[in-house]
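A.B. asks: One structure coming up, written as structure tokens, with questions to follow.
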Amino acid sequence: MAASQTLQLSSLNNVEILPIQVIDIEENKIQEPAVDEFDYSQRGQWLRAAVLGANDGLVSVASLMMGVASVKNDIKAVMVAGFAGLVAGACSMAIGEFVSVCTQRDVEISQMKREKRERSFESDENDEKLPNPGQAAVASALAFAVGAVLPLLAAAFIKQPKVRMAVVFVVASVALVAFGVVGALLGGTPVVKSSARVLVGGWMAMGTTFGLTKLIGIDHEMQI
């Protein structure tokens, strides 16, 4: 009898130990992913403004220069058109980004007021998390200018029209791939997919601008 009672007690002890071990294992599993977690959305605001601004500047000015070059061989006309595109595009990007972020900020502030009217002591902490319209506008304008100046520098010292267009196309393609890689690395997205998407989109914009401008210039005998 004593032996049987001893066996029963030992079996009960074993049964009680198992759930504790399972709980510990489950807690470890829950806590492990937190080590490698990184919130890429924190980079979203400035990354979006910078990458989109650089891509827009590069594609817009390169396409504009190639469009003008398709109907006019004068390097002065090409460079003036490119510079005008740089200034106009940078101003447009800055204003558009400022208005967009201001609207986003107003929406977030209204939402915070509705949800936290009785917790006004947390307003200072929440204000730090709000988007900065001025910072986003400056980032967009500078990024656009950086992207737009690349095709201008590529074409500035080349006299032959066909060589000039080829160099602008090559420089723009390389820069588009570089922007795609940088954006993918900073944003944590697939590098090849992001770069290919940016490159193909730039090619489509430059090709469409060149083809349509040349077509209109030939059909209507446009003199620039």
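From the backbone N, Cα and C atoms, a Cβ is placed for every residue, glycine too.
From TrEMBL, here are the annotated features:
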- 46-65: transmembrane segment (TRANSMEM)
- 77-95: transmembrane segment (TRANSMEM)
- 136-158: transmembrane segment (TRANSMEM)
- 165-186: transmembrane segment (TRANSMEM)
- 198-218: transmembrane segment (TRANSMEM)
A.B. asks: Counting only residues 6 or more past its boundaries, what in the same chain has a CB within less than 8 Å of a CB in the transmembrane segment (46-65)?
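C.D. replies: Non-local partners: 78-79, 81-82, 85-86, 89-90, 93, 97, 135-136, 139-152, 155, 168-169, 171-172, 175-176, 179, 182-183, 186-187, 198, 201-202, 205-206, 208-210.
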A.B. asks: Taking residues 6+ outside the transmembrane segment (198-218), which of them lie with a CB under 8 Å of any CB in it?
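C.D. replies: That would be 55, 58-60, 62-64, 66-71, 169, 172-173, 176-177, 179-180, 183, 224.
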